[in-house]
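Visitor: Supplied in structure tokens, the structure appears directly below.
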């Protein structure tokens, strides 16, 4: 094959004509100090707050302090190889996470990277972890119930879609159990659940994921995990990452339940970062803006107005108290931000009353408007009666002579306390709750021994499903009791006679 010189020269000329020098501008800075997961970077004058920065080895950092002559940056990964004088590049991106249906059923870290060994998350849509919460114009009052399946909660401390309900108590009092039960109870419904584990042991998170998988709840749940061994910055952004994932569904007009387990560990991680960044400490050494940290997170949970899709995000933040002290800094902050709180008491827990809810200081400030009407009818005075019963029971311990009305109240209180006990991972449908509490508040249990209350409930609900299924169906469909109230009275009376005869209580 012969190549003529003029052909070669013409090809070279064409290549030269097509050549364009592409100049790429990269904003770079220099590490001037590094240690304890914090880097001080000089030279990135146009850097944004919460922007991702790239360190050598592909490790990412997040700009938190924007000062006159340098940037305080937290490193989101291993930092032993980073040293003074290293080059840092801007990415131009605020910290963002993948969002959408591809995340459902997955366990991811706060950056959206998978932890479950099921391959990459196939989502091409991202949302920044920090956004401003929807304003008043976008919102609608809470009016739809979110059933947790827990009798004590749905009857006395009802939660509505778009509400923020705090769960607080000492360690090992059943806080996570209430949240996980609420997630399991959404099975078969239209609610997507997000469980954000902050600063937990890996074994604890694995147990929760296993239980959600066994009950089929992972089919509609996302787990965001930042464990105790992860760097503090990941613990700090984990709740925000979960909120961003939930907002995507909320703005699509869907309903989300998000659990932050727990925010006291996020506050501790934020305190660690703030002190390392030399921010001035305040009460209990927390930075001055720790209230803002939690308020801007929890304000993102809301019920959207119908013109914006009518979606909702319900938040269940969890706070751990120390020796029952609800007046500490972080608990009081979050109590004032949320729409109510469920307080779990160690004494009740150890007495076998589980869930160990102290009805005296637990409250739902907006959930009453969302409560199923049938439940409101049967449980209207239940919370007040139980709170009074606790006071009377304490008084009766002194052996004082009690009048008949007080004795009747103590008898009723004993049986209602027993009736509200419930095992873990066995949420109850709302129609069963209504029928069960109906029997208690109408005095049908008053002449039964306390130890027979739960067997009575189990057999009664079985009897209703077998012999009178239309009553439960009517309550579930209409949410009202008026059409079946007389029939329900008759059914309880008929069953009670059978129960007494079978158990030799005549």
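If you go along the chain as it appears here, the first residue is 1 and each next one adds 1.
For all residues, glycine too, the Cβ spot is worked out from N, Cα and C.
Okay, these came from Swiss-Prot:
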type	residues	note
BINDING	169, 170, 171, 172, 173, 174, 175, 176	ATP binding site
SITE	362	site 'Required for activity'
Visitor: For ATP, what surrounds 169, 170, 171, 172, 173, 174, 175, 176 with a Cβ no more than 8 Å from their Cβ centroid?
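Guide: Along the chain, the qualifying residues are 320, 344, 346, 349.
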Visitor: How big is the Cα-to-Cα gap, in Å, between residue 174 (ATP binding site) and residue 362 (site 'Required for activity')?
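Guide: Distance (Cα to Cα, whole Å): 15 Å.
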Visitor: When a 10 Å sphere is centred on the Cβ of residue 174 (ATP binding site), how many other Cβ atoms does it contain?
Guide: 19
Visitor: Using DSSP and collapsing to three states, where does residue 175 (ATP binding site) fall: helix, strand or coil?
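Guide: Its secondary structure by DSSP: helix.
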Visitor: If you measure from the Cα of residue 362 (site 'Required for activity'), which of the binding-site residues 169, 172, 173, 176 is the nearest?
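Guide: Closest by Cα: 169.
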Visitor: Enter the number of other CB atoms within 10 angstroms of the CB of residue 172 (ATP binding site).
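Guide: Result for residue 172 (ATP binding site): 12 other Cβ atoms within 10 Å.
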Visitor: Pick out which of the recorded positions 173, 176, 362 has the most other Cβ atoms within 10 Å of its own Cβ.
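Guide: It comes out as 173.
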Visitor: Of all the binding-site residues given, 171, 175, which has the fewest Cβ neighbours within 10 Å once its own Cβ is left out?
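Guide: With the binding-site residues 171, 175, fewest surrounding Cβ atoms within 10 Å: 171.
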Visitor: Sequence gap of 6 or more, C-beta under 8 Å: which same-chain residues meet both conditions with respect to residue 169 (ATP binding site)?
Guide: 175, 320, 321, 324, 343, 344, 345, 346, 356
